[in-house]
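Have a look at the structure below before the remarks.
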Amino acid sequence: MAFKQASVLPGFNLSFGYTIFWLSLIVILPLTALVVKTTGLDWAHFWSTVSDPRVVATYKVTFGASLLAAVINLFTGLLVAWVLVRYPFPGKRLIDALVDLPFALPTAVAGIALATLYAPNGWIGQWFAAGTPLGNLFGPEGLPLAFQPIGIVIALTFVTLPFVVRTVQPVLADIEQELEEAASSLGATRWQIFRLVILPTLWPALLTGFSLAFARAIGEYGSVIFIAGNMPFKSEITPLMIISKLEQYDYLGATAIAVVMLVVSFALLLAINGLQWWSARRLGRRN
Amino acid sequence: MAASMTASRSAATTEARWVRWLLTGLALTFIGLFLIVPLISVFFEALRQGWGLFAASFTDPDALSAIKLTLITAAIAVPLNLVFGVAAAWAIARFQFRGRSVLITLIGLPFAVSPVVAGLIYVLLFGAQGWFGPWLAEHDIKIIFAIPGIVLATVFVTFPFVARELIPLMEAQGSDEEQAALVLGASGWQTFWRVTLPNIKWGLLYGVILANARAMGEFGAVSVVSGHIRGMTNTIPLHVEILYNEYNFVGAFACASLLALLALVTLAVKSFIEWRSARLAEEDRRHATEE
């Protein structure tokens, strides 16, 4: 096969050449620099940096909080998509547009807003403070939300909120009503129809949304650092480790941790591409 | 449209009324708590001490220089990605070649990389200890801890927006109209300006406003390369961070409210474009059935 199929349209060399040039300059070359820089580290130094107990603690916090936020969004995302597609209510178009707010709102703005809201004297945090009826449910000190690991989960839930909604919404809108009518006429209850007819069609979209949210949460920085409290071994996230190594001019250390993050990101990207391929094939077969 | 669809659902294909109300109530409570309350709180905190202090936040020279730098950065980064996005979409959506899907994946790469890592890679290239560091120092060129670095990091994080919007759009439109124009004697550039561009302009605008919102709001990547020099290399998000850490909450939220306003405008334009393309698709369908 030739590199390119013949076409009457002009401009391939120019557009392709420019695409490759700009892609190499902005993305490929800098990422290569990161990988090459790592080869300058000897293995023992690399390993001692990435397996430092304080750094390992950040992996746990980052993965745990990201996983939890993605799981929360799996359920709430399905709920919001379901309500937006199926039920009429006033202001629906506005709510639909607002779902994308976390993509449009700068992460630093989200960060300071959430930190202020969930602080013990904030609009939401005060309901869970020590001595309040809700707070007493969680013990004498109440339930501190901001400046705790749970604050990280809150921030990550906010920034990744649109993913599941936006992947599930179109699939849900495309489900043919006839399928549900057929199931109903065969005696299925609503719950059975949801579980056995609707949910199986939604799985690929749900999983794709879930992994997109998870991948975004792993790398998130701006919204988290304000609400996290950033206590070593407790509420530090991995991207913050890169920043603090850089602040100490430890470029090799920062690079080592960045490589770990990059490998995880690429693995997730591959998984997401696989999921989208699977999901497209499933939908293709149905139509 | 959506309402009529729901209304046409028979009792067998929808839930009992109390279930519908319960689910709608739960979804709206979640949206209210997680999206609307934080959004309102930004404006509330900014205006907490009255309009006077709010307005005073913007007369501070550091705030003004942060606003200026943010505008400059977006004004450079967004057009660069616009040109790239159109070129990439033309090559990918109009031609079949080997490695096409690999190229699409590579273009999407910046979305998969943590913003902090995105900043770091430029420090490793252009920083004092980086590959080109000694050469740059010799020629007295500053990239890291200066405006070029901020622009580069912004170009990186907004890299896929326009291309990602245009590629599926141009693939769906096909190249019949362009081929017709060429057969009728138009040159390549004439075809592009008069046929392709009018067809993709709304998709282009969509990609541009999303890229612009991200360019003006980027925090992590810019924070790594900026060096936080007051009045020099602080963008609005970085200025917000500094004010917040200094407990100047009114100032921080006043600047943040500018960015929140930008987010609302972005959402409004985005919804308008989506509404418009949905209406056009609906009209096309109606014309098709009438014929």
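Just so it is clear, glycine is given a Cβ too, placed from its N, Cα and C backbone atoms.
Over in TrEMBL, the protein carries these features:
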type	residues	note
DOMAIN	B:67-274	domain 'ABC transmembrane type-1'
TRANSMEM	B:21-44	transmembrane segment
TRANSMEM	B:64-90	transmembrane segment
TRANSMEM	B:102-123	transmembrane segment
TRANSMEM	B:143-163	transmembrane segment
TRANSMEM	B:204-229	transmembrane segment
TRANSMEM	B:249-269	transmembrane segment
Check your understanding: If you count Cβ pairs under 8 Å, which stretch among B:64-90, B:204-229, B:249-269 touches the transmembrane segment (B:21-44) the most?
Key -> B:249-269
Check your understanding: Is the transmembrane segment (B:102-123) packed against any residues at least 6 beyond its ends, judged by a Cβ distance under 8 Å, and which are they?
Key -> 88, 92, 130, 143-144, 149, 152-153, 156-160, 163-164, 167, 218-225
Review point. Sequence-remote contacts (6 or more beyond its ends) of the transmembrane segment (B:249-269), Cβ cut-off under 8 Å?
Key: 39, 42-43, 45-46, 48-49, 53-54, 57-58, 60, 63, 66-67, 205, 209-210, 212-213, 216-217, 236-237, 239-241, 243
